[in-house]
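A quick write-up on the structure given underneath.
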């Protein structure tokens, strides 16, 4: 009964707000992400810089993820029912795109740390050819991360009578993950692995700060851009960390599914999938697009905006 009447547990006004968030994020991404991708991939000088290649990987995965999420939402709103294999493929693509985005962000952070710690050896030890290999490895590794959870999902539905159902990630998290312990454990291990990677990156940032605080990187007016870049990385990582942390808490609470209210679990799943997962992907093109000078100038020219200029007084 919960699978057919789950929309009745959420007030209509709140449900519309939750459904509107992915749409607004998709429109925000669609405004500038294609422009940034075309500019980065069409400029030879930008393709020779690791940070722009990694940024292109992040933007590309985010654009596809939000597009697939909108497609899934449209299918659910239309009431289209799926068997386990089409639903598993849709969930698998979403998981691969999300994993590649998180790993690409991690690679951007590590690249920045390496460039600060070893500025003179950076170009020699990390040429552009290795960046292409690293991006390919990120996408290949992203395929294996969600494979275990999707395999468990198919195994669970192979043991039950073949039936059509809504392919809604929040609904499946409430009905399937909480009831099938192997799938619950596999998802918990996957989320734990991603959180562990993010914690390692944050620890590396702290080590980087203590190693460079006496070198003048964090002091003076000339360090404002460096501090701003690190702040953007921190903010992006924090926004990527929050939904995974909430998801881990939900998975741990699902271990005692007999006492946990399905309404509360559904609320948590909807907020995670429709807001927390989408928010960093909607902000990323604006954070980095307005931060890097080449991309910022492009956006101002493309949208015919007047970029503010500083006036130096004549003495």
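Start at 1 and count along the chain as shown; that gives each residue its number.
Cβ atoms here come from the backbone N, Cα and C positions, even for glycine.
Copied over from TrEMBL:
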type	residues	note
TRANSMEM	17-41	transmembrane segment
DOMAIN	33-288	domain 'G-protein coupled receptors family 1 profile'
TRANSMEM	53-78	transmembrane segment
TRANSMEM	90-120	transmembrane segment
TRANSMEM	132-157	transmembrane segment
TRANSMEM	163-180	transmembrane segment
TRANSMEM	187-210	transmembrane segment
TRANSMEM	230-254	transmembrane segment
TRANSMEM	266-288	transmembrane segment
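When Cβ-Cβ distances below 8 Å are used as the criterion, the transmembrane segment (53-78) is approached by residues 19, 22-23, 25-26, 29-30, 33-34, 36-37, 40-41, 47, 90, 93-94, 97-98, 100-101, 104-105, 107-108, 111, 128, 131-132, 135, 138-139, 166-169, 273, 277-278, 281-282, 284-285, 288, 292 of the same chain, each at least six residues removed from its ends. Same-chain residues lying 6+ beyond the ends of the transmembrane segment (17-41) with a Cβ under 8 Å from its Cβ atoms: 10, 47, 52-53, 55-56, 59-60, 62-63, 66-67, 69-70, 73, 77, 270-271, 274-275, 278-279, 281-282, 285-286, 289, 294-295, 298-299, 302.
Within the chain, the transmembrane segment (230-254) has long-range Cβ neighbours (under 8 A, six or more residues past its boundaries) at 101-102, 105, 108-109, 112, 173, 177-178, 184, 187-188, 191-192, 194-195, 198, 201-202, 205, 260, 265, 268-269, 271-272, 276-277, 279-280, 283-284, 287-288, 291. Across the domain 'G-protein coupled receptors family 1 profile' (33-288), the model assigns an average pLDDT of 79.
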